[in-house]
Amino acid sequence: MDFEALRKYSALHPKPAGLTLQYGTAGFRSKAEQLDHIVFRMGLLAILRSKAVTATIGIMVTASHNPEEDNGVKLVDPLGEMLHPSWEEYATQLANAEEQELQKVITEICQKAAVNLHKDASVFIGRDTRPSSEKLSQSVIDGIQVLGGQYHDYGLVTTPQLHYMVCCQNTQGQYGKATLEGYYEKLSKAFMELIKQSHCSGESQRHLKIDCANGIGALKLSEMKPYFPQELVIHIYNDGTKEKLNHLCGADFVKVHQKPPGGLDMKPNERCCSFDGDADRIVYYYKDTAGHFHLIDGDKIATLISIFLKELLAKVKQDFKMAVVQTAYANGNSTRYLQETLKVPVHCVKTGVKHLHHKAQEFDVGVYFEANGHGTVLFSKAAETKIRQLVKEEKDDEKREAAKMLENMIDLINQTVGDAVSDMLFTEAILALKGLTVQQWDALYTDLPNRLLKVQVADRRVIDTTDAERRALTPPGLQEKIDALVKKYKLSRAFVRPSGTEDVVRIYAEADTQENADALAHEVSLAVFYLAGGKGAPPQP
């Protein structure tokens, strides 16, 4: 390794004194001006990771739904999945090393992870539309070049597109072609094949209004438009030409504020959806004739796809194990509907995409969605092979037709990560195939009223949780207090969990009425404030 070049280049990307950042679920995120040394060092780390696993690694420069002045960076592992947890620690160590320790830390990582420095290395790079992203991705390239790695810079892409490219590259094209055209062709072809199988005439054209959060989603959807069949007519709003990224728009804004984004005019009963800033989340919504806003979040998307897949799986008569994976934030009525009406097993895991993805891998068909609209479906290798075989060999028409639909779903779904474009296409296909309106979809079940709050604390680590974050182990007395408060309200539950990124404790409560959900959330926030070291004034109702 050329330590002289490392020292020289590292000096061009100096670490601000006293700054420490943690690699979390979403990689590193911070104000853009604090990230130059971080992205340079992640270029270094991606090369080490690539040498360790002899595969192409991805680096995405984005801060997703954060404000435009923030940015971030995350690494993508060989099959398009999140970076391995042991390497998250290496990322944090490398990011926070002082200039003079850099060489030592790199050497230690190489020893611990058995990195063979003589192996070739290659990295795929992508970035979002933030003003700071281009310069930061140039710093990534500096890091890659210091260690003599190969790279391909895809430039502006959605986060899921980069995950997809990495997976295609490392499966030698089995998953698809590692180009944007390859991505557009694979998804649009599967979508068209599905729509073709729709026997109900229904609407001859499906109109959909899409809020693209003034982000990358708008650019990529515009590029993809020519690939769509004429049955699908998309109208793009918040395309980034006028307003700031994620400002008063995008999936996160709509979900948190439970109201439509700015910049999109909704007429009654029109189907609308919002992507987030890097297009890996989606939520749907509409306004009824009385002008009331209805949000259709990740839980309801998961329910729609579960209904569809369960019917198809029943038709192909194979013994496939299907399950839905949720977090504690999933609405109680969605869990009830899935378990009691659909009779589909539901598993609850800790918050964070990697926990959901990992659990979903245990089933032949694993559906996972967070309420915020991030999710996808995973098919086991065995299930996929069997389904493709049935399409070729099955004599029974109904079985073969169902297998064909499943095969198209497998090709339409981006199995590497939640993907707003792919999720939007399969949702549109299912609504068309089942002849459902947005209102009928929404009416599958009614969400229990809920409230999210946060309380500032001196140290978030005083709260420790168990049972997929649904119960608090510490501080002493907090869980007992929550249990007592929950007993006061009908159909209620509440839980608290420390934030992964800041010294706040997040509180979720649901109950039979909005008034009760609000009251319960407030009482729990007071309990957290007094028992877990709240900062400032006590929470006000």
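The backbone N, Cα and C atoms fix where each Cβ goes, and this holds for glycine too.
Annotations in TrEMBL come from automatic prediction, not curation.
It is 388-415, from the ranges 80-107, 108-135, 388-415, that TrEMBL records as coiled coil. Sequence-distant contacts of the coiled coil (388-415) (same chain, six or more residues past either end, CB-CB distance under 8 Å): 80, 160, 163-164, 186-187, 189-191, 193-194, 197, 308-309, 312-313, 315-318, 376-379, 421-422, 425-426, 429, 433. Within the model, the domain 'Alpha-D-phosphohexomutase alpha/beta/alpha' (52-100) shows a mean pLDDT value of 96, rounded to a whole number. Take the mean position of the Cβ atoms of Ser64, Asp276, Asp278, Asp280, the recorded Mg(2+) site; other residues of that chain with a Cβ within 8 Å of it are Thr62, His65, Thr158, Thr159, Gly215, Ala251, Phe275, Gly277, Ala279, Arg281, His374, Ala420. The CA atom of Ser64 (Mg(2+) binding site) is located 13 Å away from the CA atom of Asn372 (substrate binding site).
Per DSSP, the secondary structure of the domain 'Phosphoacetylglucosamine mutase AMG1' (178-283) breaks down as 36 helix, 18 strand, 52 coil.
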